[in-house]
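Asker: Features from TrEMBL:
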- H355: active site, proton acceptor (ACT_SITE)
- D356, V359, G361, D363, S365, E376: Ca(2+) 1 binding site (BINDING)
- P452: substrate binding site (BINDING)
- H482: heme b binding site (BINDING)
- T483, D534, T537, D542: Ca(2+) 2 binding site (BINDING)
- C324-C404: disulfide bond (DISULFID)
- C357-C362: disulfide bond (DISULFID)
- C410-C610: disulfide bond (DISULFID)
- C489-C521: disulfide bond (DISULFID)
- 5-295: domain 'Plant heme peroxidase family profile' (DOMAIN)
- 314-614: domain 'Plant heme peroxidase family profile' (DOMAIN)
- R351: site 'Transition state stabilizer' (SITE)
Amino acid sequence: RIEGQLLENFYANSCPNLESIVRQEVSTKFTQTFVTIPATLRLFFHDCFVEGCDASVLISSSSGDAEKDAKDNVSLAGDGFDTVIKAKQAVETQCPGVVSCADILALAAREVVVLAGGPTWEVELGRRDGLISQASRVTGNLPEPEFNLDQLNTLFARNNLTQLDMIALSGAHTLGFSHCDRFSSRIYSSPIDPTLDSSYAQQLMDACPQNVDPSIAINMDPETPRTFDNVYYQNLIGGKGLFSSDQVLNTEPDSEPTVSDFATNPGNFNAAFITAMRKLGRVGVKTGNEGMAVRTWLMILFLVFMMMQKGKGQLSETFYRTSCPKLESIVRKVVTEKINQTFVTIPATLRLFFHDCFVEGCDASVLISSPNGDAEKDAPDNLSLAGDGFDTVIKAKTEVEKSCPRVVSCADILTIATRDIIELAGGPSFKVELGRRDGLISKASRVTGNLPDPNFNLIQLNNMFAKNNLTQTDMIALSGAHTVGFSHCSRFANRLYSFSPSSPVDPDLDPTYAQQLMQACPQNVDPKIAINMDPATPQTFDNMYFQNLVTKKGLFTSDEVLFTNKASQATVIDFANNPGDFSGAFVTAIRKLGRVEVKTGNAGQIRVDCTAFNS
């Protein structure tokens, strides 16, 4: 391997706006999901350590034998790939056939570190894209979570990286996440790994019980998982390194002084990280006439992009800019008028959107009416959906049809209406991605098992949300919508009258609040009686829901468990104390929710009547 000749100003003449283009695309992707940051950073590392920094990890193979298909790479999050692909597309519009994907990935890795609060640096450029991408060449080239210090040093030394570089690069775990099976041996062997802090070990067991869904992932930094800082090293000193290969950096005498230095001197860590990242970016690079021509690579990359988008759909914030330019103002006017008639419009529309997306995807299938009573809305879990939510969408669709007949889907109208009711209730505003088509299936029989139950525990909640590509943080943030919700008494009566033989009242309920609920919902009460889920500010979209959980005033078991379970408690406390953190996480989560199993292109249809399939 050669390091190649790289230059910071390699594209100064051929693509002078390159870095600003990539920065804009990465920033846009970051506003859609925080996962962009750890996913892109990890993608860069995995790429460089196999065939060198040549974007070979991006290649897709119809035979499933490309580098990305290797066992150690299948957990690479799609948002990292998507970041590079979208940046490449934007760069191609200004500098066609000039910039390699390898260089775009290197720039994107720098940008995500900066966006997370980390240091910036000049990126050396001039890489060419590789010609080899084979799953069989990955084994033995990436560090394992059980590696000891000698194994880590040996692997990094093969790439001209020192122990200091290795420890600095490990600090990127301050932003990472891991699936439970990658560290389960530390908490379920006998005895538990003695280098683990006992409280942290229990927190990990709560989040990752034995035989947990392998898709469940947790933060590698339990303290500041969304900030690039030196807390990772402070965690190691406190026995809170997630992998053995993390904790060993503090337990081994040869590496412990560096960990202590980085834990107490963030400037030293930042400087070492910059040095290590620049050295990492030189590993095995292809330059000059090596590698693949950029235009040929672009064709392959486009195929990768199309494969990744299959099923996910391509949505755009400007989808109706030409075909229905006044769409959002039309919907906003109808939603505002409907709220003026009844506040129930707000929780009803928000809940309707959630129920729709979690069954057949965000395709307005929940709006379909059937004379046989067997449509999605007729399922037992949907019978309590308030009519004002349906009415809001139907009225908005009627008005939209007057200006833009047969253009806008009911699914998109429901999505816009959901954003509007959140903002009108005092919550955050956000751009809505559009371009959904309306679904062709609406069956009551397909609802069972796809919506969370009020008695779910944390594992059950995480499993259900993970099926829709939503993380635990997304789940907690979306649960915050209960700040404007209401529920019928039957949904939580067991917490008041029959929780357990030894305690009829759930001990996780504040006694005063429990008494308040009993007065509002006496036994055998009319099942149509409903009460607010947020007893403090039920008509305002705020972070009071999380403050209620801290004081044991969560209405459902599935609400209160977010605070009582230590694996989620820190996020609840953060959202209770920092409304900005909640709002930011909620916007990210609601946008991700809006992408669940969308129909686009020629899939589905644009209904004329939201309650009936087109004839």
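The backbone N, Cα and C atoms fix where each Cβ goes, and this holds for glycine too.
TrEMBL: automatically predicted annotations, no manual curation.
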Asker: Of the binding-site residues D356, E376, T483, D534, T537, which sits closest to C362 (disulfide bond) by Cα distance?
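Answerer: When the Cα distances are compared, D356 comes out closest.
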Asker: Can you give me the Cα-Cα distance between H482 (heme b binding site) and D356 (Ca(2+) 1 binding site) in Å, rounded to a whole number?
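Answerer: Between the Cα atoms of H482 (heme b binding site) and D356 (Ca(2+) 1 binding site), the distance comes to 17 Å.
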Asker: Indicate the candidate from C324, C362 with the smallest number of other Cβ atoms within 10 Å of its Cβ, considering only these disulfide-bonded residues.
Answerer: C324
Asker: Give me the CA-CA distance between H355 (active site, proton acceptor) and D542 (Ca(2+) 2 binding site), in Å, as a whole number.
Answerer: 21
Asker: In the same chain, outside T483, D534, T537, D542, whose C-beta lies within 8 angstroms of the Cβ mean position for the Ca(2+) 2 site?
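Answerer: Output for this site, in sequence order: V484, A536, P538, Q539, T540, F541, N543, M544, Y545, N548.
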Asker: Which residues, same chain and not among D356, V359, G361, D363, S365, E376, have a CB within 8 angstroms of the centroid of the CB atoms at the recorded Ca(2+) 1 site?
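Answerer: Apart from the listed residues, the neighbours are C357, F358, E360, C362, A364, V366, G439, I441, S442.
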Asker: How many Å separate the Cα atoms of C357 (disulfide bond) and D363 (Ca(2+) 1 binding site)?
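Answerer: Given the Cα positions, C357 (disulfide bond) is 7 Å from D363 (Ca(2+) 1 binding site).
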Asker: Can you grab the distance from G361 (Ca(2+) 1 binding site) over to D534 (Ca(2+) 2 binding site)? Cα atoms, rounded to a whole Å.
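Answerer: Each residue's Cα considered, G361 (Ca(2+) 1 binding site) and D534 (Ca(2+) 2 binding site) end up 28 Å apart.
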Asker: Looking at the binding-site residues V359, D363, S365, D542, whose Cα is closest in space to that of C404 (disulfide bond)?
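Answerer: Ranked by Cα distance from C404 (disulfide bond), first place goes to D363.
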Asker: For the C-alpha pair, I'd like the distance in angstrom between C489 (disulfide bond) and D534 (Ca(2+) 2 binding site), rounded off.
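Answerer: C489 (disulfide bond) and D534 (Ca(2+) 2 binding site) have their Cα atoms 14 Å apart.
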Asker: Please identify which of D356, D363, E376, D534 has the densest Cβ environment, defined as other Cβ atoms within 10 Å, among these binding-site residues.
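Answerer: Of D356, D363, E376, D534, the one with the most crowded Cβ is D356.
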Asker: Fill in the CA-CA distance, C410 (disulfide bond) to D363 (Ca(2+) 1 binding site), as an integer in Å.
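Answerer: On Cα coordinates alone, these residues lie 8 Å apart.
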